[in-house]
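So the structure is just underneath, and the comments pick up after that.
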């Protein structure tokens, strides 16, 4: 793709690699020559004054201080000139999405929902203030920044109000009738259906969700996208964050329009077909086409390669084996699975290359027409078709917007890879889906793209300033191929390093893991993806309507076999990738450094250096929680010595434990030890008595539904099924978790921290921090010295008032302090004796 900023008529006069932003800047002021004294004729001398020239005055302390502050004044003047130059080059427009994002982040981090009246009032006041101070440039810029921040808050509020997703509050079994929107094949062999709900019965839900996601063990072949189905389902409300500041299923489901999830108890089966709107019928037809293409790809290639090929072409990736997913995550190449900017760029580049090659076969036509624009327009239609068949997931839509802006820039004879185009893309994404700003996909995507565009602009400016370009001598074919291969590898290495540095901290913050060998994996895998996998995916898609896609898909499958082999081998060499929690201060400082480094073109780029150093210095300031408690009070994890974590269940949820282990930076999970003791109260008393005599702990010890743990630091954690059992540990335990939602804390007179299931149902999962008062001093208890532990601090995932994506929590039975629902069994009527005609009734 040619990236010259000159038009079709001015391409000969415009420099090829100069940054587009520099072309619109005012020319730099040239220094005027120093004035010189006029020359006098020979034999003449200047007039001499009769007055004696004054001696230079002695330098006073005030002048000495002024002499010291002179460099500071020069620095301030230089910074002011550099700032003016940046604004002339369009840096102000580049900051618009930044300030909008600040407002979006502020909205989603608020502890309560702002009112419309307050937001509209603030927006109007800031707009009036911005207009009133328009003659004062600096104040005007500050008011504009404030206006964009408030606009970001208003945009987020508007999207939340517009969606208003209905979410159920508690588990319920209901007969559901709806229309299938999407069908996914899961790795477990089950089918996952996304269904638009038409009606519910037995019982009829008064607060009926509009869309649900339900899994089924078997699916009749006649059921597809657009089919009306019915069946008995078990609906479940979305869970909250796995731990505080972690992934929130309720948040993603609310903005995805999903009101419940669950599974079929019977069915599904076809029901009476109803008339659907035109948009629904078109969407169903596209979805059926996606599924047909995915099935064809799986049949042609087979194995995990076929599943990955289906994910790359049509976005159906639920069937990829989990071990391959984990290997790709561990090596940092999982981005090739999700349809994103990489795939859109490769598709656009492949189509543009084909079109340019086709036009080159007709030189007369190409010399008279702007074939570059024709190729860009064809690539735009190609990526739009790719978006449709990919399922239009959020990452694909965002990538399409970015590529579409760049291709449209080519149509108007503008440079494609510019920060201005990236800013336009970010503004469009924020206007359409502001909630994506707080997600890892948006942050990592735009961070990587901004870093790459900024690095490309800096490299282009450097090449433009070089006096003479290096000229290679004419060489043979082999040497040219070797030089091209080396250049490609250097380019891939530079791209991987720049994108990796820009996104590593965001990945570590969201997922608590990094890929130490990501550079090696990308260097090994990306040539295969760029040269074999994606081009042949495009060729196969074009040949599929003619039935000629078989050989092309086979070549693509061979490339994917190499990708899987390389990812598994590098994953085996990769060390442990868990790094623990990352403080938000480090991410904030790194974001400021990235914005400054990528959006400035003068020496102001150096201002990013202190922020980057500050980010590195604060990386280790995050505190690891000592205890994590799930929102259903069934799973507890306690950090132990030696990087171990003890849990109270023999088979904990794998997804939850993976997240907790990475957050606690632990490598080994200690399962509980089961003992046989009929009376759980006696078991707890015996454990407390024996724990005073033991100096070490090997994890939880459980009997029935009661579990207890004594850590080497003296921490006693107890999980009790009810208040009566918990009362026996009030005088000794540090933390008590009661699994019963009906009971309240029985330890009101003790210092033990009691967390009930009702609290967890209302506020979500919890983490406990222990304050160590003095590690040197110790208390002696039965001959065992234990460090003094201060009062624990409990932090819940949901604090403050409920936001719209959490309001359903207040309606669950556990949050209302009610026991689990039990269906009442109708009792048989009393048996009535049968009287004969001869019987007498008195």
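Including glycine, each Cβ sits where the backbone N, Cα and C put it.
Within the set 256-283, 284-311, 480-507, the record from TrEMBL flags 480-507 under the feature transmembrane segment.
As stated in TrEMBL, the feature transmembrane segment covers range 333-359 out of the listed 225-251, 333-359, 549-575. Given the ranges 45-63, 64-82, 140-158, 159-177, the record in TrEMBL names 140-158 as transmembrane segment. Range annotated as transmembrane segment by TrEMBL, chosen from 393-413, 519-539, 624-644: 519-539.
Looking up the ranges 8-25, 26-43, 116-133 in TrEMBL, the one annotated as transmembrane segment turns out to be 116-133. The transmembrane segment annotation in TrEMBL falls on one of the ranges 586-613, 670-697, namely 586-613.
Between the transmembrane segment (116-133) and the transmembrane segment (140-158) there are 3 or more Cβ pairs closer than 8 Å, counting only residues 6 or more apart in sequence, so the two stretches are in contact. Here the transmembrane segment (519-539) touches the transmembrane segment (333-359). Their Cβ atoms form 3 or more pairs under 8 Å, with each pair 6 or more residues apart. For the transmembrane segment (140-158), same-chain residues at least 6 beyond its ends with a Cβ under 8 Å from one of its own Cβ atoms are 92, 95-96, 99-108, 114, 116, 119-120, 122-123, 126-127, 129-130, 133-134, 430-431, 434-435.
Simply put, out of 91-110, 419-435, 480-507, 480-507 has the most Cβ pairs sitting under 8 Å from the transmembrane segment (441-459).
In the domain 'DUF4131' (113-249), helix, strand and coil residues by DSSP number 45 helix, 42 strand, 50 coil. Long-range neighbours of the transmembrane segment (419-435) within the same chain, counting only residues 6 or more positions beyond its ends whose Cβ lies under 8 Å from a Cβ of the stretch, are 20-21, 90, 93-94, 96-97, 100-101, 104, 108, 152, 155-156, 159-160, 251, 255, 394, 397-398, 401-402, 405-406, 409, 442, 446, 449-450, 453-454, 457, 598-599. By number of Cβ pairs under 8 Å, the transmembrane segment (333-359) is matched best by 371-389 from the list 91-110, 371-389, 480-507. Mean pLDDT for the domain 'ComEC/Rec2-related protein' (312-604) in the predicted structure: 87.
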